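Please read the structure below before turning to the comments.
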Amino acid sequence: MTLSFITRWRDELPETYTALSPTPLNNARLIWHNTELANTLSIPSSLFKNSAGVWGGENLLPGMSPLAQVYSGHQFGVWAGQLGDGRGILLGEQLLADGTTMDWHLKGAGLTPYSRMGDGRAVLRSTIRESLASEAMHYLGIPTTRALSIVTSDSPVYRETVESGAMLMRVAPSHLRFGHFEHFYYRREPEKVRQLADFAIRHYWSHLDDEEDKYRLWFTDVVARTASLIAQWQTVGFAHGVMNTDNMSLLGLTLDYGPFGFLDDYEPGFICNHSDHQGRYSFDNQPAVALWNLQRLAQTLSPFVAVDALNEALDSYQQVLLTHYGQRMRQKLGFMTEQKEDNALLNELFSLMARERSDYTRTFRMLSLTEQHSAASPLRDEFIDRAAFDDWFARYRGRLQQDEITDSERQQLMQSVNPALVLRNWLAQRAIEAAEKGDMTELHRLHEALRNPFSDRDDDYVSRPPDWGKRLEVSCSS
């Protein structure tokens, strides 16, 4: 089957990019590709048999028209000016059989006009982390970009140490960012901001294109998508680590995996980015930061959208967030209905977990085994303060009895939303260290495991992290 690529971005937004081709690596070789995703995108298996090829930027497929996008943004709350694709190149937009499209974006593809002081490269460590994280999030049911392939090489890349240059093929319906809008707003070119909005609506919100107040309706949906995404992050214990406005997806996708981390111990103020000295992007601050970022996006639209309409959309954020979060947390607790004591029970559990540094993922997974008519709980042994746990658990069992559902039905529901497996940093690090020595076995094994996060396991993928794996420091270096 011949793949079809179109050039909407290149044709319709000529002032938002620089056309250029990838710069290949030395002795590049394909070490992993996503068979399931490739099948979904109807990519012939033969494309994965010619070593690096398109996956390493050595050649292009017919119809591809590569370009690097320009955007700007606020980083750690401060205006950073022009940024852009400093090491990534959009190779093309694949047209799928159902009429939708998928960007092919090659990360680590070499210098671009937006590289600033960088070298345009990515390292094996960061490409492995992003591939694992994006696929983990996908199988958790959370909107995200996807990883299609990883290429490593003999090209040295200089970070804190000398590392192997690598490339990641990332795919997504769109790479539209809040930062695209900010770029032209701060250049005082509101007509180009409007062109971006029209492009987004025309291709991704086409049902709104003929509406008289299409910009208000569109921005309201952007707010809702963002709120829903953040709610889902919070329920699985995911910390993004670098929620700059240029890393915010207009479509509500998890974008740009850098110093991310899933909670091990339940620590509300968890900071996964060792460069985040003030804790701006801490786990519990993510909902507030997302709203702040939406406010920055709203500002860019103010030249052609009524401020009252923008504020009305922003005001809806909190309720959408709380609705999605509340629904998912009730499912995680096994509640079939909404009762007034639910929030208090959840907050008391969180207080217990925070005091005892309980493992976030294991706690909710073990809670899924609760039998409402039994005073015993496998979770009890996880707590030092047994009396406090017993008090909470008695009230929790009482709450369960308010819903007309069998234990087996409730347990099945809870196990479908409480994963046994998340991508803990130590698991990723183990795969990275093996890969850096030339052994890709653990990389492939972990990718396969992450496809079934809600299945019971009895291996170390679902155990507490070893001492060396706790609080691994991760930076933005990639």
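Residue numbering: from 1, along the chain as shown.
Yeah, the Cβs are placed from backbone N, Cα and C, and that goes for glycine too.
Look at Swiss-Prot and you will find GLY84, GLY86, ARG87, LYS107, ASP119, GLY120, ARG170, ARG177, ASP256 tagged as ATP binding site, backed by sequence analysis. The secondary structure of ASP256 (ATP binding site), as reduced to three states from DSSP, is coil rather than helix or strand.
Under the DSSP three-state reduction, ASP246 (active site, proton acceptor) is assigned to helix. Long-range Cβ contacts of ASP246 (active site, proton acceptor) within its own chain (separation 6+, distance under 8 Å): TYR71, SER72, GLY73, HIS74, GLN75, ALA80, LEU83, ARG177, PHE178, GLY179, GLU182. Annotated active site, proton acceptor per Swiss-Prot: ASP246, in sequence order.
Summarising the annotation, Swiss-Prot assigns Mg(2+) binding site to ASN247, ASP256 and lists sequence analysis as the type of evidence. With a 10 A radius on its CB, ASN247 (Mg(2+) binding site) counts 21 other CB atoms from all the protein chains.
Maximum C-alpha to C-alpha distance over the listed ATP-binding residues GLY84, GLY86, ARG87, LYS107, ASP119, GLY120, ARG170, ARG177, ASP256 is 23 Å. Of all the binding-site residues listed here (ARG87, ARG170), it is ARG87 whose C-beta has the fewest other C-beta atoms within 10 angstroms. All protein chains considered, the CB of GLY84 (ATP binding site) has 23 other CB atoms within 10 Å. In the three-state DSSP classification, ASP119 (ATP binding site) falls within coil.
Residue pair ARG170 (ATP binding site) / ASN247 (Mg(2+) binding site) shows a Cα separation of 14 Å.
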